[in-house]
Amino acid sequence: MDVSIVGSGYVGTTVAACFADLGHRVVNVDVDETTVETLNDGVAPIHEEGLADLVEAHAGPGGTGRLRATTDYGAVLDTDVTFLCLPTPQRDDGSIDLSIMTAGAETLGETLAAKDDWHTVVVKSTVVPGSTDETITPAIEEASGTAAGEAFGVGMNPEFLREGSAVGDFRDPDKVVLGADDERVSDDMAAVFAPLVEASGAPVVETDTRTAEMIKYANNGFLAAKVSLINDIGNVCREFGIDAYEVADAIALDDRIGEQFLRSGLGWGGSCFPKDTGAIRHAAREAGYEPAMLEAAVEVNDRQPERLLALLDEHVDVAGERVAVLGLAFKPGTDDVRNSRALDVVAGLRERDADVVAYDPVAAANAREHHPDIEYADSAADALDGAVGALVATDWDEFAALDAEFDAMDERIVVDGRRIVERREGLTYEGLTW
Ligand SMILES: NC(=O)C1=CN([C@@H]2O[C@H](COP(=O)(O)OP(=O)(O)OC[C@H]3O[C@@H](n4cnc5c(N)ncnc54)[C@H](O)[C@@H]3O)[C@@H](O)[C@H]2O)C=CC1
Ligand SMILES: O=C(O)[C@H]1O[C@H](OP(=O)(O)OP(=O)(O)OC[C@H]2O[C@@H](n3ccc(=O)[nH]c3=O)[C@H](O)[C@@H]2O)[C@H](O)[C@@H](O)[C@@H]1O
């Protein structure tokens, strides 16, 4: 099929490259000229394992030619289906900001006015229930001068990939959710996903658009709450001197609980859990319901960085002292620092007037935009040299291998927020939840 993808970020680029690999002819439409040029050179505009090879194979010189990019929305006219993969950020009050979606929908609608045959539009961005029907579809209708159901229809297909493993997650999903209220839309979505479903064997959930929208928030809300619950339990374990990881390993054997998302520690960050729990909480309150469990999940999460800092306070007054922060990314495998708990840890140290020296293998440049005034070291060893304490904020594998590097610290105090450093003789080790 001919597929257009509007928005070429983490989701749009991954989806486009994977669809091209499955045999579709795909065009990415993005307002960012650099992104478009990069893709057309056969180079991935973001860092994701496996993505560079796919982009080179399908957009690069000598490639299959099944993937290209453009800033011209007119390209959608030569396609059957358009996926909207645009950002849906948070407003200051936590509510969803649909302005970028609406702008994209309007430009798409103006373009579709010139199309002779049926067109299916699919919202892939994460949007609160009702957004597709009440905001995005009307924007396309007004701009195109046609009503949904006449010349076009709009469906909803939430995305569940994770940063750091986006290509693998997209190719082998736990489920494919197709939300539609029009048979032609369902048929088009099913046709686009047919090769993926055949290759992966993933179950397909066919539902209406509002339910599809809600499934995404339920998924992220549940996972965020699961991590907060194990953090709550981990905090209790610590009070009792019990190892929360041993407890987690045991409860994971219960199929009803499962082994994933039971790593307790500094909590969840990233571009989605914080924004999505914020958006659904706000939407629920507007609708008249206080989502107490989601509120609690956020509250537990917000407390963890200060709990980490308090453990260091028990050992040393950090004012005027050099303190190392190991890890800045919100999770290993990415240079993304959006809502990273590490940034809160750095802020807490600065409030205490500590001299902060941070190290991350790939995320320092992004962290510098949030904390330009601290020192950034080129290695964990450099960060630890002369420090009176080290706070571990991201579970990068290389931190597990640290050993003699701790000997260069002025005081060998390690407060581990991610259970990655080994306890060893000569080291004063504190684990956040164990
Ligand atoms: N990042 C992730 O891991 C996941 C994100 N999502 C959701 O997917 C959506 C997109 O997220 P990301 O891919 O992370 O966003 P992103 O910020 O990485 O990429 C968005 C892209 O849209 C482009 N853009 C902005 N306005 C445009 C316009 N009017 N027309 C065309 N292009 C335009 C930007 O230049 C950028 O390349 C969000 O709703 C997010 O919640 C869902 C699952 C996973
Ligand atoms: O909507 C989204 O954008 C995506 O959000 C998350 O993906 P992501 O944020 O990329 O990464 P995760 O692996 O889920 O990690 C999120 C945060 O939880 C933390 N976490 C995760 C697991 C765990 O056991 N403990 C824990 O503290 C991580 O350190 C990280 O800060 C979801 O896992 C994806 O399914 C979803 O598509």
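Placement of Cβ uses the backbone N, Cα and C atoms for every residue, glycine included.
Straight from TrEMBL, the features:
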type     : residues                                                                                       : note
BINDING  : Asp30, Thr88, Thr126, Glu163, Lys275, Arg338                                                   : NAD(+) binding site
BINDING  : Phe160, Leu161, Arg162, Glu163, Lys216, Phe261, Leu262, Arg263, Ser264, Gly265, Gly269, Lys331 : substrate binding site
ACT_SITE : Cys272                                                                                         : active site, nucleophile
DOMAIN   : 324-423                                                                                        : domain 'UDP-glucose/GDP-mannose dehydrogenase C-terminal'
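What TrEMBL annotates, mapped onto the structure for a quick look.
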residue	record	Cβ within 10 Å
Asp30	NAD(+) binding site	22
Thr88	NAD(+) binding site	21
Thr126	NAD(+) binding site	22
Phe160	substrate binding site	16
Glu163	NAD(+) binding site	23
Lys216	substrate binding site	25
Gly269	substrate binding site	24
Cys272	active site, nucleophile	22
Lys275	NAD(+) binding site	21
Arg338	NAD(+) binding site	17
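Contact annotation for binding-site residues (Lys216, Ser264, Gly269, Lys275, Arg338) versus ligand 1: none, no CB falling under 6 Å from a ligand atom. Within the same chain, residues at least six positions away from Arg162 (substrate binding site) with a Cβ under 8 Å of its Cβ are Asp169. Of all Cβ atoms in the shown protein chains, 20 besides its own fall within 10 Å of the Cβ of Leu262 (substrate binding site). All protein chains included, Ser264 (substrate binding site) registers 28 other Cβ atoms within 10 Å of its own Cβ.
Only Gly269, Cys272 of the recorded positions listed as Lys216, Ser264, Gly269, Cys272 bring a Cβ under 6 Å of any atom of ligand 2; the order follows the sequence.
Among the residues the record lists as binding substrate, namely Phe160, Leu161, Arg162, Glu163, Lys216, Phe261, Leu262, Arg263, Ser264, Gly265, Gly269, Lys331, the two farthest apart have Cα atoms separated by 25 Å. The shortest Cα-Cα distance between Thr88 (NAD(+) binding site) and any of the recorded positions Phe160, Leu262, Gly269, Cys272 is the one to Cys272.
In this structure, the CA atom of Gly269 (substrate binding site) is 12 Å away from the CA atom of Glu163 (NAD(+) binding site).
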